[in-house]
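> Straight from TrEMBL, here's the annotation block:
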{"type": "DOMAIN", "residues": "A:11-237", "note": "domain 'Cytochrome b/b6 N-terminal region profile'"}
{"type": "TRANSMEM", "residues": "A:44-63", "note": "transmembrane segment"}
{"type": "TRANSMEM", "residues": "A:109-128", "note": "transmembrane segment"}
{"type": "TRANSMEM", "residues": "A:140-160", "note": "transmembrane segment"}
{"type": "TRANSMEM", "residues": "A:172-196", "note": "transmembrane segment"}
{"type": "TRANSMEM", "residues": "A:208-230", "note": "transmembrane segment"}
{"type": "TRANSMEM", "residues": "A:262-284", "note": "transmembrane segment"}
{"type": "TRANSMEM", "residues": "A:329-350", "note": "transmembrane segment"}
{"type": "TRANSMEM", "residues": "A:370-389", "note": "transmembrane segment"}
{"type": "TRANSMEM", "residues": "A:409-426", "note": "transmembrane segment"}
Amino acid sequence: MTARERIAGNVASYVDDRTGAAKWMKKNLTKVFPDHWSFMLGEIALYSFIILLLSGTFLTFWFDPSQREVVYEGGYAPLEGLKMSAAYASTLHISFEVRGGLLMRQIHHWAALIFMAAIVVHLLRVYFTGAFRKPREFNWIIGVGLLTLGIVEGFLGYSLPDDLLSGTGIRIAEAIIQALPLVGSYLAFFAFGGAFPGESFIPRIYTVHVLLLPGIFLALITVHLMLVWYQKHTQYPGPGRTEKNVVGYPLMPVYMAKAGGFFFIVFGITAFLGAVASINPIWLYGPYTPGQISAGSQPDWYMGWLDGLVRMSPPLETHAFGHTISWNILIPGLIVPGILFTGMALYPFIESWVTGDKREHHLLDRPRNAPNRTALGVMSLTFMIVALLNGGNDIIATNFHLTINQIMWFSRIAIFVLPPIAFIVTKRLCLSLQRADRDLVLHGRETGRLLRMPSGEFVEVHEPISPEKAWLLTQHEQNPPLALEEVDSRGVRRPGVIKNKIRARISKANAEAVPKVSVEDLKEIEHH
Amino acid sequence: MSMEIEAIKDPGLPAHVHRAADTDPKAAKKAERQVAILFLLSALGTILLISTFFFISEDTFIYLPVLGNTNAYQLFLGLGLAASLFFIGMGAIQWARTLMPDEEVVAERHEFRSPDEDRADFVATVKDRAGQAGLGRRSLIKRSLGLSLGLVGISPLLLLRDLGPLPKDDLTKTSWKAGTRLVTDPGDRPIRPEDLEVGAVAQTLPELASGEKRTLNNIGKDAVLLIRLRPEEFNLDAERLSWTHEGIIAFSKICSHMGCAVALYEQQTKHLLCPCHQSTFDVTRAAKVIFGPAARPLPQLAITIDADGYLVAKAPFTEPVGPSFWERSS
Ligand code: HEM
Ligand code: FES
C-alpha cells in the first residue's frame, strides 16, 4: 500500500465514522455509466448552467438594475452626455471599465446560447431514442419545464441592459400581456408598475433573473440528476446490452475524470468564444427610448421562432361589444406555443396510450425502428424551423434579394404544408432504412468485388456481417398493433367506441414495420 | 410478440481489447507525458492571463484578420482564461482515456416496482392512515378546511395590489390636446410647414409647458411622425383630408400591432414599415395596413397651424394609440 492509498483509506474511514455511509458510497462510487457522445448533451447543459452562475454572479457586482435616468459620463465617447437608464450605463461600465468585464458579459451571453442549444439537442436525443418511456416520464416533464424556464430566463437576461434592442423586446412582451382578454391591461400595469415602460420593470425582472429562476433551476436540475442516478442511465442496444443490465465505465475514477474534464473543456470553449466572438454589443444600439428602433431587430435564437410565428400571423382582431381581442397576438404568442409545449410534456403518456405498452424500457430505440415517433419529431422540428426562418425574414430578404412579402407568404403556406410532408417523407425513410437493415442481415455487405460466373455474367461478392452487427440490426421488438375489441366477452358493446377506434387506427399506423430477420429467414437463404 | 419466429441470438459482450499503454510500459510513459504536457499548457494559459493583466494596457487595439480591430487586453485575457480551462479538461480526459481502466463493466438493474407484498402493504397503510385522519367521515372539517385554504389563496393577490396602479384612462389618453405644438425630436423646436419638403419625414413630440419633464412613458404614447406629400397624392375621405395640412399628414409612431416605433419610411411607395414584424402602412390611405400582422391603421392626428404659423394638433387623438387591449372599443 502506498502512502497515498493509505491517506485515501483514512479519509474514507473518517467519513464513514461520522455518516455510516460506507455501503452507500461504495455502491455509488462504482456506479456504472454507459458511454456515448450523445449522453454528453445533458452534461453540456449542466456545465453551461454552472458557467452562467459564475459569470452572472460576477456581473451582479457592477450591474445596477435601475431605470433611474442618468447622464452618461463613462469611457465610451460616442454616448458621452446622453441620457440613459442606470442599468444601461452600468452595462457600459462593465463593458469598458471593469477589467475582464466585457469578457464576462460575452461569456455569460455565449453560455446562455450554449445552454439553450444543449437543452434543445439533448431533448431531441431523448425524444428520438425513446429515452422518455417508462420509468423516465418524470424527467421528461422536468426537462420540458427547464426548457420553458430557460427561454424565459434568457429573455429576462437580455432585457436587463436596457439598450434599444432589449427595450424593444420588453415592449413586445408588454403588448402580449396587454392583449390578454379581461385582465390584460391590469396585469400589464401591475407588471410594469404603471404604464410602459415605467421605472419598475427592470428592477423586478432582475430579482427574477438572478434569484427566483436560478433557484428553481437548481431545484429542478437536482431532482433531474437524482432521478438519472437512481434510475440508472439508458443505453444504446448492442451485444451484451439488455433491459436488465448497464454496460459502461465506473464513476470512480474514469467517469469522474471524463465528466470533470469535460466541464473544463466546455468552460474553456465558452471563454474562447467570449474572447474572440463579439455578442450583444449594446453600445452600438444606444439607450432605449420608445420612439426609436434599430432596423433588423432580432431576438436571441431561442425566441426567434415565437417572433417568426407573430410575424406570419394574419391581421386578425375581433371588435365586439366595446371590447377587442387580438388574435394576431394571442394565437402566435400564447395559444400555439401553449399547445406545442403541453403536447410535448404529455408525449410519453400519449405514446404509451397508443402502444398500450406499460413496461419499463432501458434500451434505447434506433430512430428508424420507431418510424411514427421519428416522423412526428421531424414534423415538429420542421414547424419550428419554418417559424424560426420567418423570424429572420428581413435578414433573409436582404441576403437573398427576395421581398419580405415573398418570404412571408412562403412561410404562411409552408407552416401548414411542410410539416405533414416531413412526416410522410421521414416515415418512408425509416421504413426503407429498416428494409436496408433486413437486406444487410440476409445478404451481407456489398464488397465491391466482382466475380465472373461460369455462365459469363458478373455478380458482386457479398460478405456476411458479423454476429454483433446482425444482433444490433435485429435486437428490437416488433409488436403487433393493439387489438381493441368493440364488444366485450359477453357481446356487449364497450363504452368509448370512437376513442377506441382512433386508438386502434394510430396503433396500427404505429406498428407498421419491415419484418426483422429471423433465424428461419437465414436458414431459408442458406438453402438457396 | 409471436414466439414462432426465432430471433437472432445475442453474441454477448465482445472480448476486451487491451490498449498499448496497458501492456507496454513505454507506451504508458508516453501517455503520462502527454497528459503532463496538456496540464502544462493550461498553466501557460494562466501565465498569459496574468501577463495580460499586468503588461497590456486596457486601451490597446490591434488589427487582426477576421476579427478586425480588436481590444488586445480583453482578447488575451480571454484567450488565457480559455486555454487555462480547456487544457485542464483535455489533460483529465486524456488521462482517463489512456491510463485509467478502460474495461467496460456490467451492472444489473433492479426493477422499480416493489414486490407485490410490499406494495399491497404500502397501499393498505396509506388507506389506513388516511382513514385515521377521518377526513372522509368528518365532512364539516373537510368543507371548512377547503374554504379556508381557498381563501388563503386570495391573500397574495391582495398583498400584491401595490405592484402598480389601475390603468384608468392611461392607455387611452395621450398628451396631445387641441393647440399643442408639434416639436422636433430631438431638439424640441416648433415646426413650420415650410420646414418640411415634399417627401420629408419628421419625428415629433408634443411641446412641453415650461417646467414639465418628458418621461419615456410620455414618448411611448406621444411620438408622432410627420410626412409631407403632394396634396393630390392623398386618397382620403373628406374628414381625414381635413386632418392634414398642405400635404402634411401626422400619424402615431407607435405601432398598432405591438407598439414598436414605426421608423422606416419608403419615399418611393409612400409606405411606413415597422421593423418588428414588418407591418406596412400606406400613408396615402390614412396608414391603412397593406401587409403584415397589424390589424389597425396607425391613428391619425388632426393637424393645422396656429397664429404664429407653427404646426399644432387640431384635436387630441380620436382613438387610443399603440397595441390593442381588452377595453379598447374599436
Ligand atoms: C439559466 C440561466 C441564465 C441565462 C439563460 C442567462 C441569460 C442572460 C443573458 C442572455 C443576459 C444578457 C447579457 C448581455 O448580453 O449583456 C444576461 C444578463 C445578466 N445576467 Fe444572466 N442568465 C442566467 C443566469 C444568471 C445568474 C444565475 C445570474 C446571477 C447570479 C445572472 C446575472 C445576470 C446579470 C447581472 C445580467 C446583466 C448584466 C449585463 O447584461 O451585462 N444571470 N443573462
Ligand atoms: S410591432 Fe409593428 S409590426 Fe409588430
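Including glycine, each Cβ sits where the backbone N, Cα and C put it.
Quick caveat, the model's predicted, so the values are computed rather than measured.
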> Looking at the stretches A:109-128, A:140-160, A:172-196, A:329-350, which one shares the most CB pairs under 8 Å with the transmembrane segment (A:208-230)?
A:140-160
> Mind checking which residues reach the transmembrane segment (A:409-426)? Cβ under 8 Å, same chain, six or more beyond either end.
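For the transmembrane segment (A:409-426), the sequence-distant neighbours (Cβ-Cβ under 8 Å, at least 6 residues beyond its ends) are 308, 311-312, 314, 371, 374-376, 378-383, 386-387, 389-390, 393.
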> Could you tell me whether the transmembrane segment (A:329-350) and the transmembrane segment (A:172-196) have 3+ CB pairs under 8 A, leaving out pairs under 6 positions apart?
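Answer yes: the transmembrane segment (A:172-196) meets the transmembrane segment (A:329-350) with 3 or more Cβ pairs below 8 Å.
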> Can you tell me which parts of the same chain pack against the transmembrane segment (A:44-63), counting only residues 6+ beyond its ends and a CB-CB cutoff under 8 A?
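Sequence-remote neighbours of the transmembrane segment (A:44-63) are 87, 90-91, 93-94, 98, 101, 104-105, 107-108, 111-112, 114-115, 118-119, 122, 146, 160, 206, 210, 214, 217, 221, 225, 262-263, 266-267, 270.
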> Flag the pair the transmembrane segment (A:140-160) / the transmembrane segment (A:370-389) as in contact if three or more Cβ pairs fall under 8 Å (sequence separation 6 or more).
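They do not touch: fewer than three Cβ pairs between the two stretches lie under 8 Å.
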> In terms of Cβ proximity under 8 Å, which residues at least six beyond the ends of the transmembrane segment (A:329-350) contact it?
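Sequence-remote neighbours of the transmembrane segment (A:329-350) are 127, 132-134, 136-137, 140-141, 144-145, 148, 175-176, 179-181, 306, 309-310, 312-313, 316, 380, 383.
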> Taking a Cβ cut-off under 8 Å, which residues six or more beyond the ends of the transmembrane segment (A:262-284) line up next to it in the same chain?
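40, 43-44, 47-48, 50-51, 76, 78-79, 88, 91-92, 95-96, 103-107, 109-111, 113-114, 158, 161, 163, 165-166.
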